[in-house]
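K.L.:
Below are the features listed in TrEMBL for this protein:
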- B:60-120: domain 'P-type ATPase N-terminal' (DOMAIN)
- B:319-340: transmembrane segment (TRANSMEM)
- B:360-382: transmembrane segment (TRANSMEM)
- B:ASP430, B:THR432, B:ASP1064, B:ASP1068: Mg(2+) binding site (BINDING)
- B:ASP430, B:LYS431, B:THR432, B:GLU725, B:PHE767, B:LYS791, B:ARG831, B:THR938, B:GLY939, B:ASP940, B:ARG1038, B:LYS1044, B:ASN1067, B:ASP1068: ATP binding site (BINDING)
- B:ASP430: active site, 4-aspartylphosphate intermediate (ACT_SITE)
- B:648-702: region 'Disordered' (REGION)
- B:660-669: compositional bias 'Basic and acidic residues' (COMPBIAS)
- B:670-685: compositional bias 'Acidic residues' (COMPBIAS)
- B:1090-1335: domain 'P-type ATPase C-terminal' (DOMAIN)
- B:1125-1142: transmembrane segment (TRANSMEM)
- B:1154-1174: transmembrane segment (TRANSMEM)
- B:1202-1225: transmembrane segment (TRANSMEM)
- B:1231-1250: transmembrane segment (TRANSMEM)
- B:1262-1286: transmembrane segment (TRANSMEM)
- B:1306-1325: transmembrane segment (TRANSMEM)
Amino acid sequence: MMASSYNAKEEDGHHSGASSGTGVSKNKKPDNTAFKQQRLPAWQPILTAGSVLPAFFVIGLIFIPIGIGLYVTSNNIKEFEIDYTGVSSDSPCYNCAKNFTWNTTEPCVCTVNFTLHQPFESNVFMYYGLSNFYQNHRRYVKSRDDRQLNGDLSALTDPSKECEPYRKSGDVSIAPCGAIANSLFNDTLVLYYVDSNNSISEIPLVKKGIAWWTDKHVKFRNPAGNSNLTLAFKDTAKPVNWAKPVYELDPSDPENNGFINEDFIVWMRTAALPTFRKLYRIIQKKSGATPTLPNGNYMLNITYNYPVLSFDGRKRMILSTISWMGGKNPFLGIAYITVGSICFFLGVVLLIIHHKYDNRNTSADIPS
Amino acid sequence: MERLRWVQHRCQQLLAGDSRRGWYSDGLHNSSLLNTHDPRGRVCGRQRTIFPRNGLHQQDYERVSRNYKSNAISTTKYTLLTFIPMNLFEQFHRAANLYFLFLTLLNWVPVVEAFQKEITMIPLLVVLIIIAIKDALEDFRRYLFDKKVNNNVVRVFCGTQKSYIDQCWKNVRVGDFVHLSCNEIIPADMLLLYSSDPRGVCYIETANLDGETNLKQRQVVSDFPLQGEEFTPESFHSRIECENPNNDLSRFRGYMEHSNGVRVGLHSGNLLLRSCTIRNTETVVGIVVYAGHETKAMMNNSGPRYKRSKLEKHLNTDILWCVVLLFIMCLTAAIGHGFWMNSFEESIFQVDTETSPALAGFYIFWTMVIVLQVLIPISLYVSIEIVKLGQIYFIHNDLSMYNEQLDSRIQCRALNITEDLGQIQYLFSDKTGTLTENKMVFRCCSIFGVEYPHEENARRLEVYESENSETAVRSVTLRSGYSGKSLSCRSLSCNRSSVSLHTLTAEPMEEDQLSGHVQLRTGAFCSRMAKEVVPDPALVKKLNWLTNHSSSETPSSMELTYITDFFLALAICNSVVVSSPNQPRHVIPEERTPLKSLEEIKLMFQRFSFSPFSALSPSQIKGSPHSFKSRLFIRGKRGSLTLSTLVSNTTDMSGSSQENDSKPDLSAREEEEQDVEDQETEDDLRDTQTNPDETRQSMQDLTRQVECVEEITDELVYEAESPDEAALVHAARAYRCTLRGRSAESLLVDLPGIGSLAIQLLHILPFDSNRKRMSVVVRHPLTGQVVVFTKGADSVIMDLAESPTDQTEVYNHIKEKTQKHLDAYAREGLRTLCIAKKVLKEDEYDLWLKAHMLAESSIENREELLLESAQRLETNLTLLGSHCSSDLNHSISELKYQYFKCMRVFSGSTGIVDRLQEEVPETIAALQRARIKVWVLTGDKQETAINIAYACKLLCASDKLLTANCGSKDACAALFEDLILEVQSGESLTDLTGNGESMSSSFILVIDGRTLGWALEDELRSNFLELSQRCKAVICCRSTPLQKSQVVQLIRDHLGVMTLAVGDGANDVSMIQVADVGVGISGQEGMQAVMSSDFAISRFKHLSKLLLVHGHWCYSRLANMIQYFIYKNVMYVNLLFWYQFFCGFSGSVMTNSWVLILFNLIFTSAPPLIYGILDQDLPAVTLMELPELYQDAQTSKTCVPYMFWITVLDAFYQSLVCFFVPYFAYAGSDVGVLSFGSPINASALFIILLHQVIESNTLTWIHVVVLVLSCASYFGFVLLLSGFCVTCSPPVNPLGIELLQMSHSLFYIICVLTTVTALLPRLFFQALHNTLHPSTVLKSAHMDTVDSENYCRRMQRWNMTHSKTNRLSAGADNPGLEPSLA
C-alpha cells in the first residue's frame, strides 16, 4: 500500500488523502444506532402468574356483565318457529310434500294453524327456514353470474361458464343463470290472524326492504336500456325449475321485478350453513300500543311449490323480533358468562400460585 | 433445493467439460503435430500450445488459438432475451415454486377448481416476480461491472503496426504481448517475459485475488535471452506449452521452446495473474496464456457458500408432518364428501349429480389440496431467507465485532446458517493466529548450545504489557481469574515466562493505537513489538567482539562462527521482501547502500580477520588461515566472487584453533591454491600487523559508517509471508545483521562490522507444511561454496540433523543441550524454530541442480519432483549449532573418505513469543461455560500447545492432563484403554464426593499428531471418541491440516454434534470446510481461511459475541419464527377445514378468495419476519454474562420435538374456537357465506397477531408499527373490496358484506369472545409454566430486570477493590467475580 514506486506512492498519497477527507463515510465502522445495534427500547413482557393474573381478573370482570347483558337481550327476543315440510302424515302439508315435484305445474296449497302464546311487540320479521339445504356447496355457490345480475347486457346473452349446467336452455341463455337462481325458493306464505271470534284477517306482509340496500341498488340491476322488462329479457329463457320467467316475479311492482326482486336477491345471497333462514317478509309495527302480533291463533297459508324431501330437507316458517345483537341466540351470552367465569377462576388459581411460587423464585434468584 | 443446485452445478460442469473436451482433442492434435520429437508432449496431452501473436506465426497462431477464450468476460447469468425463460427455469428449480406451480395447474382442472384461476397464481407470481427482480438487479450490476472491466484499456502489441497500441481488455487474446506499467492491473494470465527491473523480477499485489497485501515476486522466464534488454515482441519466436486452464492459483506448469529447440521450464513464479496489480516495476511485458474465463482468477470465482443448517433439516421433518396432516385432512374431506354425496339421491343444490360419490370424493381430495395449500408453509422458505438476511444484517452491523485497527467488520459469507451459530457443541480452534495474535516477537535464542535468555527483551515485553494492563483492567470489567491463572501456571511448575506470557494476554489496544498509523504504513507483520528487539547483552558482547576486538573477553571463535552464521541465516533464510517507506519496496539501492569496493572489503577483512584472531594465532597452529584468506583474495581479484560473509568463514577457520584435530572446511582445490597464494597473503598479513593502529582506526571508521548508514535507512520495512519470518529478520537486525534487500538472484545483507554484502542466491526451497521447513541455497562468496540454510520446526531439523558417528558424544551433548533449551522454550509457550546450515560441494550441487532443473521444467508432476528434490537437498543436515567442532571433524573425515561432501553447521534455535489475543481466556472460559467443548488443534509442539492452553484458561490447575504420545499403534490402543479407565475412576470419584462440581477436576487429553493418526483409524476410533467425550478439552498438537479436518469430521459424523472450526491460516482451510460452521480469522496469514469460511472475524474474542449472543438470538428467533409460522398456517387452514363439515366437504370456503390468498401473503406475512429478525429472548448483556444460557436455549421449549405438536394442538384449539364461536353465534340465522367468514377472518387475524405478542420476548415500536399495519392492511383491503367490488370477484361477490358486518355490534362481540377464548389457554399455561418451572433463561431475565442496577453497583465496587488489590499484590489470589456474585 504505502511503499510502491514513487509514482505509486504519490498516487497512494492522493488516495489516502482523499479517503481521509471522506474518511468518515468510507469507514466500515457500523453505525452506532439503537436499531443497528439491536438496542431499541423494548417492552419485554415476561408472562408469570404475577404479571398475568390482573389480566384474567379484568377479563372476567368485563366478560360476565357483557354475558349477562347479552343473555338478557337474547331472552327478550321473541321467536316462533313452525315446520311445515309435511314429513309426518298428520301434517297438513303431507300430501303436498308427498306429491309435489319440480315438474308439477299445479300448485298445492296447505294451511298450518298455530298459536302465539306471547304477543310480538315491535317489528316482526318473517323468515322461511330450510334445513339440510347446502347452499354453501362449492359448485352451487359458484353457479351464478354476477355480471348478468348486474345488468350487463353481454352477460345476459352469454352468461359465465360458472353457470353450467344452468347456463343455456337449448341455444337460449338462461336469465338468471346458474344453480342458485334455478333453485329459487318459491313457496308463498300468507299469514292470517284468527281472532277470538274466529274471524280471519290477513296480516299485511311488507316485501320491500328485506334485501340489503347495496344488493338492491348496486349489485343487482335489470338489463339496462329497456324499461320494459319483457323486452329486456326477450332473448333469454327462464331457469329450468321456474314456473315464470324472471320478469314476472312481481308483475305488480316494477321496482321489485326482474333481477331486483327482493325475494330473488335474498335467495341469491347464499347461506353459510346448511340450516338457515332467509328473511321473507316484514310485519311492520302498527302505531300505538297494540302489539304487532298479538297472542292468539294464526293460520299460515302455504302455496307449496318447493320440494325438499328428496334431500331430506325441512321447511320452516319463523317469526322473530330483533334486537341490537340480531336474532335470538342465547349462545353468546352464555359463552361470555362462561369465559368470564373461567377467567376469574384461572385468575384465582394464578393468584394462589403466585403467592406460593413466585415469591420463592424471586427470592432465590436475587443474590443478596 | 440443495440437490437442484447440485444438479445445476453438474450441468455446468458437463457443459464445461464438453467444451474442454472439444478443445482438448484439438489441442492434442496440434501438440502431436508439433511435438513428434517429444514423447512427453504426447503423453501429457492436456496442454495448451501458445504461439505469439506478433504477426510472425500467424498460421500457427490462428490454428491453435482459435478455440481459446478471448479476454472478454461475462459473469452475467442472463441476457435481455434469455432473462425471462432462464430465470423462470432457474426459479422452478426450487421445490417451493414447483409446489405453487402444481397448485396453480391443479386449479385449472375444472373438476377440482377451487378458486378463480388467477387467484391461485398470485402467490406464485408474487414470489417469482420478487425473485426475478432481485436476480435482474444483481445481474444488471454484474453486467455493468463486466462492461467496465471489459472496456479497460491496456497496451497490446500489434503485429501489423509493430508497436503497442491501446486495446480494450476484451480484445486481448491468448498470445498477445501486453505491456503494463506500474500500478496497472493485469488483464489476463500472462507469462512474464520482460521486466524493466534489471534482475528480471517484478512485483505484484494479489489483494484483488486473495486479499493479501504483501507483494509477491514474479520472475522473468528463466534463461530468457532478452532479459535485461528492451523486449521486442517481433523477435519472439518461441512456442509455449503449458497446462490447461485450472483454478489452482499456486500451480502453473509448462515450458517454453525456443526456435532453436531449447526448452525452458515455466512455473507459477513466471505467471502474472489476472486482476493482480503490478507494483514497483516500471514496465513489464508478458504474453497472454490464459484469457477471460480461463484465467485462474476467474476460475476461482465461486459464489457464496451454500450450507444447510441443522434447523432447516429439522424443519423439513416438521413440514413432512404438515404434509401428512394435509393428506389426512384432504382424505377426510374426500371420504366425507363421498358419503355426503351418497346420502342424497337428488337435490336442488347439487349442480353435478352424474359423478359417482367415489369419483367426486377423489376430485374433492385435489380441491382440498388447493384449498388447504397454505398448510404446507412453502412460503416459509422465502420467509426464512428474508429473516436470515435480516439477521445477517444485524450481525454484520454489530459494533462490538468491529475491529477498529483493521477497519473490518465481521463478514458473513454463508447466508443461511446463522442459527447454527446457536447450536455449536464442539469448537475446534487453531492456535497460532487464532488464539494468539500471530504477531511474532523474537524472544530468545540458543546458539552453540548456549542459551541467550534475552532477559532485557523479556522484561521489555513485560513492561510493555504492564503499561497496557493498567488500562486493560480498567476497561475490561470482567477480567476475573487473573491471578488464578498464574496460580495454575505455578502449580504446573511453569517458570517466569509463562507468567510473562500470561501478562501478554491483555489488550494490545495501546500498542495498536500507538502504532496504528505507523503500522498501516509498515506492511505485513511489522508491529512495534516485533521490530524492537532488545539484544541480549551477552550475545552483543560476543558479537561486538567481531567489530571491536579490544574487548577483554574472548569467546570461543567457533562459537562466534555460529553466532554470525546464525544471524546470517536469520537474515537470509526467508522470503522477506524489503522495502523502505521512502523507497520502492523491492529496490536494493545499490548506489545508495554503502557497498564498499572490493578492494576496501578486502582490506578491511584483512585487518579484521587478522586482529581478532591474531591472539589465537591460528596460523601458527595450522597454515590453513593463510590459505583460506589467500584463496579469498584470489577469488576477489579474479572477480569470480561478489562479496561474502567473511565473518562466518573466518570464524569457521578460527574455530579450528580450539580443537586441534579439527580442520577448516576447505575443498581440495582450495588447498592446492593455498601454496600459490600463500606468499601474497602473508605479505598482506604483515602489512596489517605493522600498522595495527591504522587498522583499528579504520575499523572504528567502518563501524561508525555502518551505524550511520543504519540510521539513515532505519526505516526498512520487511514484508514477510509469515510473521515468524518477520520476527526473525527483525531479531537479526537488532544484532545489526540487517537484510537490506533482495532480488531474485542476490541478497544484500549488512553484517556488523563488515557492512553490506551481496550474497548470491541460488535457490529458495519454499516452506511447505509437509516438509515443515524452508531452505535457501546461497553461494558463499568467500568460500565459493554452496551453502544451504535451513529453517524449520525443531523436530524436523533435529531429525534431519544427523549425528556423526565419530563424534557422537560431543555432538550429542550439544544436541541434547539445544533440545533442552527447545523444550524449555516450548514450555514457556514459545514457538521454536531451528536453523541449520549445510555446505554442499560443487559436484554434488551440480548433481542436485540438474535433477532440480529437471523437476522444475517438468509439467506433469512438478510438485512431487520439486518436493523430492528439496528433500534430497535437506536430508543431510546435521544438528549443528551447539557443536561445531564435531561437525568439522566429521566433514573432514567425510572429505577424506570421499564419501560425503557436506559440512553441516547447526546454527541454533530461536524462541519466538506469540502473544495471546486480547480476551482469549475470557472467551474460552465463556465458551466452556456455555458447555461448548473446545479443542485446540495445532501444528505446534506439545509443550507450547499445553502452555498456550494454560495461558488461555483452557486448562486450569486442577485439571488432570492425559497425555497420549505413543510410539506404536498397539501401544496407542492400550493407552486409550488405560486412559478411559482412569477417566472413569476419576469420574466415579467425583460422583462419590458428590459435590457436583465436576469442573474442579476434569480431564484434558493431549494427543500428538502421530498418536492422533492412529486414533483416527477405524479400530481405535471408538475408544478415542469415548475418551475425548469424557474430557473437558482436547489438545491435538503436531497435527497436520488433514488430521485437523479428519478430527472435525470424526466428531461431527460420529457424535452427530454441531461443530465449529476456527482458524486463520491455509492449514486450517480443510478443517473450516469440514465443520458445520467455519469461521475464518482474517489475521496475519492471508485470506485463504477467510475465503473458505462461513463467517470471517478479525479477533478470537468476537466468537463469544457471535456465538453466545448472535448465535443464541438467531437460533431462538428462527426456531420461534418457524413455529409461529407453522402455527399460523395450521390455525388458519383449520378454519377452512372445519367449514367443510358444514358444506358437505365440497371444498367451499367462507372467505373471499382474494382475502384467503392474501391473508398469508400480505396481511400476516410481516409479523413473523419481524419476529424472526428482531426478537430478543434475552438482552445481549445477560447472554454475555451467563454463557450457560447458550446451551439452555437448545434444550428449551423452542426446539424439542413435542413443541411442534403442542404448537399444532394449540393451533387446532384456536381454530376450533375461532370457527365455532361464530358458528354457534350464527347457527340457524340468515347469515350468508361471506358474512359468516367475516368475523372468523377478523378474529383469526387478531388471534394470530396477539399470539405473537404473547410469544414475543421483546416489543419495540417496530413491532407495534408492523402489527398495526397488518391490521390496517387487512381491514383496509376488505373494506375496499366491500365498498367498491361490484362485479370484480366473481362468483362470490364481497360487495357490502364487511361494511354491513362491521356495522353490527355482533361482529365485535364475536371477535372479542373468540380472540380472548382462543388465547386464554396459551396465556395461562405460559404464565403457569414460567412460574412453576422457571427456566434459567427466565430466571436470568428476571434477575436481569429486577436486579440489574444492584448488580451494576456491585460490579463497580468489585472492580474498584479488585484493581486495588491487584496493584498491591499482583500475584495474590483474588476472590474472583463469581463468589462475590453468589
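The backbone N, Cα and C atoms fix where each Cβ goes, and this holds for glycine too.
Whatever TrEMBL says is automated annotation, not expert-curated.
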K.L.:
Would you kindly give the Cα-Cα distance separating B:PHE767 (ATP binding site) and B:ASP1064 (Mg(2+) binding site), rounded to the nearest Å?
P.N.:
17
K.L.:
Three-state secondary structure of B:ARG1038 (ATP binding site) from DSSP?
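P.N.:
Looking at the DSSP assignment, B:ARG1038 (ATP binding site) belongs to neither helix nor strand, so coil.
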K.L.:
Please report the Cα separation of B:ASP1068 (Mg(2+) binding site) and B:GLY939 (ATP binding site) in Å, rounded to an integer.
P.N.:
10
K.L.:
Counting other Cβ atoms within 10 Å, pick out the least crowded of the binding-site residues B:THR432, B:ASN1067.
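P.N.:
Least crowded of the binding-site residues B:THR432, B:ASN1067, by Cβ count within 10 Å, is B:ASN1067.
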K.L.:
When you check the transmembrane segment (B:1202-1225) against the transmembrane segment (B:1125-1142), do you get at least 3 Cβ pairs under 8 Å, counting only pairs 6 or more apart in sequence?
P.N.:
yes
K.L.:
Could you name the stretch, out of B:1154-1174, B:1262-1286, B:1306-1325, with the greatest number of CB pairs under 8 A to the transmembrane segment (B:1125-1142)?
P.N.:
B:1154-1174
K.L.:
Taking Cα atoms as reference points, which of the binding-site residues B:PHE767, B:GLY939, B:ARG1038 is nearest to B:THR432 (Mg(2+) binding site)?
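P.N.:
Checked the binding-site residues B:PHE767, B:GLY939, B:ARG1038; minimum Cα distance to B:THR432 (Mg(2+) binding site) goes to B:GLY939.
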K.L.:
Can you find at least 3 Cβ pairs under 8 Å between the transmembrane segment (B:1154-1174) and the transmembrane segment (B:1262-1286), where each pair is 6 or more residues apart in sequence?
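P.N.:
Counting Cβ pairs under 8 Å (6 or more apart in sequence), the transmembrane segment (B:1154-1174) reaches the transmembrane segment (B:1262-1286), since there are 3 or more.
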K.L.:
What's the CA-CA gap between B:ARG1038 (ATP binding site) and B:ASP430 (Mg(2+) binding site) in angstrom, rounded?
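P.N.:
With the alpha carbons as reference points, the distance is 11 Å.
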K.L.:
At the level of the C-alpha atoms, what whole-angstrom distance separates B:PHE767 (ATP binding site) and B:ASP430 (Mg(2+) binding site)?
P.N.:
19
K.L.:
Using a Cβ cut-off under 8 Å, which residues of the same chain at least 6 positions beyond either end of the transmembrane segment (B:1262-1286) come close to it?
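P.N.:
Same-chain contacts beyond the flanks: 1152, 1154-1155, 1158-1159, 1162-1164, 1166-1167, 1170, 1174, 1238, 1241-1242, 1245-1246, 1249, 1252-1253, 1256, 1293-1300, 1302.
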K.L.:
For the domain 'P-type ATPase N-terminal' (B:60-120), how many residues does DSSP put in helix, in strand and in coil?
P.N.:
36 helix, 0 strand, 25 coil
K.L.:
If I take every residue in the domain 'P-type ATPase N-terminal' (B:60-120) and average their pLDDT values, what number comes out?
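P.N.:
Averaged over the domain 'P-type ATPase N-terminal' (B:60-120), per-residue pLDDT gives 79.
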K.L.:
Between the Cα atoms of B:GLY939 (ATP binding site) and B:ASP430 (Mg(2+) binding site), find the distance and write it as a whole number of Å.
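P.N.:
B:ASP430 (Mg(2+) binding site) has its Cα 9 Å from the Cα of B:GLY939 (ATP binding site).
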K.L.:
Going by DSSP, is B:GLY939 (ATP binding site) part of a helix, a strand, or coil?
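P.N.:
Once the DSSP labels are grouped into three classes, B:GLY939 (ATP binding site) ends up as coil.
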K.L.:
Check the DSSP secondary structure of B:PHE767 (ATP binding site), expressed as helix, strand or coil.
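P.N.:
Where B:PHE767 (ATP binding site) sits, the three-state DSSP reduction gives strand.
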K.L.:
Are there any residues at least 6 positions away along the chain from B:ASP430 (Mg(2+) binding site) with a Cβ closer than 8 Å to its Cβ? List them or say none.
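P.N.:
Listed in sequence order: B:VAL936, B:LEU937, B:THR938, B:LYS1044, B:VAL1062, B:GLY1063, B:ASP1064, B:GLY1065, B:ASN1067, B:ASP1068, B:MET1071.
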